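*Asks:* Pasting in a structure now, in structure tokens, and then I'll have a few things to ask.
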Amino acid sequence: DRDSCVDKSRCAKYGYYGQCEVCCKKAGHNGGTCMFFKCMCVNSKMN
């Protein structure tokens, strides 16, 4: 589900978010980034 990676992958506000990106990709998203210590998945299916 969309927010599954948020709870799973805590990350620094600025810095490493590799686990977040991997989690999001496994969940079917294009990747992920870190905002305010939370993982946010990026999904580009708007084409």
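Placed from the backbone N, Cα and C atoms, the Cβ positions cover glycine too.
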*Asks:* If you have Swiss-Prot open, could you say which of Cys11, Cys23 makes the disulfide with Cys5?
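*Replies:* When Swiss-Prot is consulted, Cys5 turns out to be bridged to Cys23.
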*Asks:* Regarding the disulphide bond with Cys41, report which of Cys24, Cys34, Cys39 Swiss-Prot records as its partner.
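*Replies:* Record-based pairing for Cys41: Cys24.
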*Asks:* State the three-class DSSP label for Cys34 (disulfide bond), counting H, G and I as helix, E and B as strand, and everything else as coil.
*Replies:* strand
*Asks:* If you compare CA-to-CA distances from Cys24 (disulfide bond) to each of the disulfide-bonded residues Cys5, Cys34, Cys39, which comes out shortest?
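*Replies:* Nearest in space to Cys24 (disulfide bond), counting only the disulfide-bonded residues, is Cys5.
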*Asks:* Count, for each of the disulfide-bonded residues Cys20, Cys23, Cys39, Cys41, the other C-beta atoms lying within 10 angstroms of its own C-beta, and report the residue with the smallest count.
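*Replies:* Cys23, out of the disulfide-bonded residues Cys20, Cys23, Cys39, Cys41, has the fewest neighbouring Cβ atoms within 10 Å.
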*Asks:* How many whole Å apart are the CA atoms of Cys41 (disulfide bond) and Cys5 (disulfide bond)?
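*Replies:* Rounded to a whole number, the Cα-Cα distance is 8 Å.
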